[in-house]
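K.L.:
One structure, pasted below without further comment.
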């Protein structure tokens, strides 16, 4: 009976401690401090809001090296890579590349043929993919549909908004493979890599 009483006393003390800490934690605002400006969701970790913001901006920094697909999270890229482990029966007859699906082969063939089937109605430019046609059409209409939720800047292209958003989130997803430095833009990473290789392309 004495042993049971001690256990109950310990449980009571621990319960009060946990309650006190949780209450202070929520009162001080540490539990939820990263509020999404596009919706009502909030997060306790900065990395969580970064991942969440990609659902609004459409940012997909994790690019597949086998095809043109990109993903917002690294886990999704890892899952996608499994499709490339399948047998690649769609062989390009102009180079040694092969693909698991015919649609990937068709897109790849345009890099050889230079085929540009998507014509801009405002000018004489043509493009190999329909997605490439969207940007020049907006330059004609001066439409900037991608608005930053942190400031009043707007952008012609989604990837421009994505780059700009990193000035607010301070995210640096591009890491140097030769040192520990990280960068917010791929162009900054490329410039940094030249400090390792000694390359001087503008001389």
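Glycine residues also receive a Cβ, built from the backbone N, Cα and C atoms like all the rest.
What TrEMBL says about a protein is an automatic prediction, not a curated fact.
Just so it is clear, the model here is predicted, and its values are computed rather than measured.
From TrEMBL, for reference:
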DOMAIN    34-61  domain 'C2H2-type'
DOMAIN    62-89  domain 'C2H2-type'
DOMAIN    90-117  domain 'C2H2-type'
DOMAIN    118-145  domain 'C2H2-type'
DOMAIN    146-173  domain 'C2H2-type'
DOMAIN    174-201  domain 'C2H2-type'
SIGNAL    1-24  signal peptide
K.L.:
Please compute the mean pLDDT of the model over the domain 'C2H2-type' (34-61).
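P.N.:
Taking every residue in the domain 'C2H2-type' (34-61) and averaging pLDDT yields 78.
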K.L.:
To the domain 'C2H2-type' (34-61), which of 90-117, 146-173, 174-201 is linked by the most Cβ pairs under 8 Å?
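P.N.:
Comparing 90-117, 146-173, 174-201: 146-173 has the most Cβ pairs near the domain 'C2H2-type' (34-61).
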K.L.:
If we skip the immediate neighbours and take only residues 6+ beyond the ends of the domain 'C2H2-type' (146-173), which ones have a Cβ under 8 Å from one of its Cβ atoms?
P.N.:
37-38, 46, 49-50, 53, 56-59, 61, 135, 138-139, 182-185
K.L.:
Which residue counts does DSSP give the domain 'C2H2-type' (90-117) for helix, strand and coil?
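P.N.:
Per-class counts: 12 helix, 4 strand, 12 coil.
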